[in-house]
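Taken from Swiss-Prot, the feature site 'Part of a proton relay during catalysis' applies to THR43, TYR106, supported by sequence analysis. Sequence annotations record features per position, and here Swiss-Prot assigns pyruvate binding site to THR44, ILE202 based on sequence analysis. The active site, proton donor/acceptor annotation in Swiss-Prot covers TYR132 and rests on sequence analysis. For LYS160, the entry in Swiss-Prot reads active site, schiff-base intermediate with substrate, with the evidence type sequence analysis.
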Amino acid sequence: MFQGAMVAIVTPFKAGQVDEETFRNLIEFQIANGTHGIVPCGTTGESATLSFNEHERVIEIAVEQVDKRVPVIAGTGSNNTEEAIRLTKHAKNAGADGALLISPYYNKPTQEGLYRHYEKIAKAVDIPLVPYNIPGRTAVNMEPDTIARLAKIDNIVAIKEAAGSMKQITDIIARCGDELVVLSGEDFLTFPLLCVGGKGVISVVSNIAPADMANLCNLFLGGDFDAARKLYYRLLPLCHGLFYETNPAPVKAALAMMNKIPSDELRLPLAPMSPANRLRLRQDLQAYGLI
């Protein structure tokens, strides 16, 4: 169920509120272009600045609009284990197919603390779980040995790995084998990860180029490695351009330039892109043929 290119979808806002109509339209754009899954309320979805009610509503909208056409993996992570359990229970009750849980941030747990955090959530909620390792945002790297321990838990089925290290990725796959699906959390590592046994990506770039990101995974998983490699190198400027500034400012700017969202409205403390980087991004989109 969890393989291919799954979009870490943005949460559009209008006058400070979740723009439900635009969000539904974005989901339809994704499914029409072959995206393999929808991942709402992640980093790209600005989960950190959604209220609990908004967070739950965005998941409900996603499940309703997708209507079982592709899997929905709902972001339900928190640095408070009990809050993560509450959000994950809601995702299950709403009909999500799985839950994506960022590692606890700010409180800097030990490896044992990380293990117990995910273990408790797994025991509390019977839904497929995808831990999310992104030490650049959490300040703690979940080490391969810890991930291998978590892979023994029945409903921990995959990991979104975004430590930026191919060594770590290969260590995880070597330790876990078929017990755990490894997904890239970084678009620019999608092809290298597939080459060492990973199964896909939870993608920011899929917001703006869903068909090509899905095709990259389809080609590779179908055995056409050379075509996949060529497409990867074509996508690479977008993989870099969407991170000229803190995600999701660039991807929202790109979607606005493409007329997929009415504006690139963000919630503080995130700010719009600088004019210089906005120009660079526009040039990338023009070169790719997206605008």
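Glycine residues also receive a Cβ, built from the backbone N, Cα and C atoms like all the rest.
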Length of the line joining the Cα atoms of TYR132 (active site, proton donor/acceptor) and ILE202 (pyruvate binding site), in Å: 10
Spatially closest candidate among THR43, THR44, TYR106, ILE202, the listed recorded positions, to the residue listed as 'active site, schiff-base intermediate with substrate' (Cα to Cα): ILE202
Rounded to the nearest Å - Cα separation of ILE202 (pyruvate binding site) and THR43 (site 'Part of a proton relay during catalysis'): 11
Lowest local Cβ density (other Cβ within 10 Å) among recorded positions: TYR106, TYR132: TYR106
CB within-chain contacts under 8 A for THR43 (site 'Part of a proton relay during catalysis'), separation at least 6: ALA8, ILE102, ILE134, ARG137, ASN247, PRO248
Between THR44 (pyruvate binding site) and TYR106 (site 'Part of a proton relay during catalysis'), the C-alpha gap once rounded to whole angstrom: 19
Other C-beta atoms that fall within 10 angstroms of the C-beta of THR44 (pyruvate binding site): 24
